[in-house]
Amino acid sequence: MLNYKNRLTAWFKEGDKRTLSGYHLKLFSVFAFILSVFQIWSVVWGRLNPINQMAIHLAFILGITFLVYGYSKKARQRKLPTSVDYICTFLALGAGIYFTFHAERIAVRVPIMDPLTNLDIFFGLVFVLLSIEAARRTIGLPIIVIVLIGISYALWGHHLNGLMWHREFSAVEVLDDLAFSFNGLWGSPIAVAASFVFMFMLFGSFLNKAGAGEFFFKLSTAVAGRSKGGAAKVAVLASAFFGSISGSPTANVVTTGAFTIPVSKKTGYKPSFAAAVEVAASTGGSILPPIMGSSAFLMAAVTQMSYGSIVIAAIIPGILYYVSLLTMVHFEALRLDLPRTAKEDIPQISHVLKEGWYYFIPLVVLLFFLIQGYSASRTGFYGILSIVIVSWFRKNKRMGIKAIVAAMIDGAKSSIPVTTACAAAGLVIAGIMSTGLGGKLTSIVLGLTEGMLLPTLLLVMIICIILGMGMPVAAAYILTAMLAAPALIELGVSTLSAHLFIVYFSIFSAITPPVAVAAFAAAGISGSNPNRVGFEAVRLGIVGFIVPFMFVLEPSLLMDGSLAQIIIAFMSAVIGVVTLAAGIIGWMITRATILERLLLIAGGFMMMYPGLLSDGIGVGLIILVMVIQRKREPELSEKKFSQSLEKQKIEDGKSIGVSN
């Protein structure tokens, strides 16, 4: 009885990621390699029915999930897959085969005229239940709670009264929506996971295998390493680049943070601060053009807007975020009076570029084909091809067959959490679409906020953060876009602004405690408290929570307006985020008092709020603090000089005593 109780309680937590060996590893590698080969084939040569494409992708992802993720973290002694795991793996593959052979019928069937057969019901249930279990093992409880609420509402919502009532659905009808419609498992979440998201995961894996990681880290060190607190600035620049490609804050923290966090600690930053810088920088990569961690492609797929228009709109907000983060790191280094890194430890920019300039070629290839209007999936393939070619520019970095196979296996493995989360999100969307819940929630949101824009934005922000906690960006964005975007658009917010607003908070939910998965990963490296790292990351990344409100209220920040309007809005916002950073860290010209920090924070907000009056107030507050600090600086300098002189006298006295 106790064993069953333990297994039941263990189900409410994510599973344990295993390190496979022996024939288990070989089988996993074969499945992962086949999946990557299939994806590349389908992009270049395949012309498959969409359900064929998605069913094969989901079947293989579920299959390898049960091999590499255990039932529970409590069962750590079971480092290898169990018989139950293998049963789940082959059931998933069996369901994939069944849906592949019946894809044409499923795609065109009319439920009333063509009811589900017993085999349809069986394999549909297999896909639904295994998708839920795989999402639990990889993501954890939050997304499962949302899925179960959505399915329960579809089954029993007809018992409710008022606005939340819907007509009665039988269990078979609910299963039909979940597993046999383009609103459920085969909807937009899996569609994007099985196409360009996977290809860009593969692109990132190939880039890493080719040695680009080492190059861009050296380049970041060469650019920022010599300045005060340079180690943390290197972390910001390197993590921004990798975060933009991977779209996974946690994976990025583990990759770049393994080096940047210990070096930042050694420089003199507190462990929690060093970890938080890495978390904030890694998370922000998903808002940084041109790749945006696949966020731009997701928005393009959901909104039917062009990729180019989304990337152009995201430039200024992305710049503002990283200007703020770099400023905070710089002011913290000044506040702690950290030393500069020794010149001999910093590589020369010219030398670094000479060694690895060709790593920019795959990025140029991506941009070229995207601008030419090629699909994101095909663009990703051309990017991968260019990586293999440029790797042969240097003898010790050449990608042979072994490295290519390893990159394909790693790419498939890294896509597991995204795909399982997207499958779960598809199940939730099925419940939303069949019951009309999306429209009802829009009415509820607008009713609670009485149709006022700012309260509606705040409520949508909360919804995005709650639904996005612990979920990959792709699934979090698609789910919250279905629920929250209509309310904003109904209030007159443009489609671009509304969806970019949701993208931002779907992304930054990753650093919001108590879940904050990326913060837990960074805390493990730094040896600090995960919640402290999470709250510190929110403090450092605060502009990521403010900028969405700014561009909704001031569309010029999304390049929507005249050149003069855009320049004025941008300059005002830059001054605002720098001032806000000074207030949060407590340093501008010199160390700030509590009153000065409050004035700086207020001034920063005034500069970020659109309007000449608010800008005037902001400038006035900034000048006031600068005058106060300038007046106080000579006194502080004299005091510091006296302390330094006294310290020197003591050291001289000690040295004389030693010589005697």
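Positions of Cβ are set from backbone N, Cα and C atoms, glycine also.
Per TrEMBL, transmembrane segment is recorded for 27-48, 54-72, 84-103, 115-132, 139-156, 356-374, 416-437, 457-489, 501-525, 537-554, 566-589, 609-628 (among others). The domain 'TRAP C4-dicarboxylate transport system permease DctM subunit' annotation in TrEMBL covers 127-559.
Between the transmembrane segment (115-132) and the stretches 27-48, 139-156, 356-374, 416-437, 537-554, the greatest number of Cβ pairs separated by less than 8 Å involves 416-437. Count of Cβ pairs under 8 Å against the transmembrane segment (54-72): among 84-103, 416-437, 457-489, 537-554, 609-628, the largest is for 84-103.
Each of 27-48, 84-103, 356-374, 537-554 was scored by its Cβ pairs under 8 Å to the transmembrane segment (609-628), and the highest score goes to 537-554. Taking Cβ pairs closer than 8 Å, the transmembrane segment (84-103) reaches residues 49, 51-52, 55-56, 58-60, 62-64, 66-67, 70-71, 119-120, 123, 126-127, 130, 133 in its own chain, all 6 or more past its ends. With pairs at least 6 apart in sequence, the transmembrane segment (566-589) and the transmembrane segment (457-489) have fewer than 3 Cβ pairs within the 8 Å limit; the two do not touch. If you average pLDDT over the domain 'TRAP C4-dicarboxylate transport system permease DctM subunit' (127-559) in this model, you get 87.
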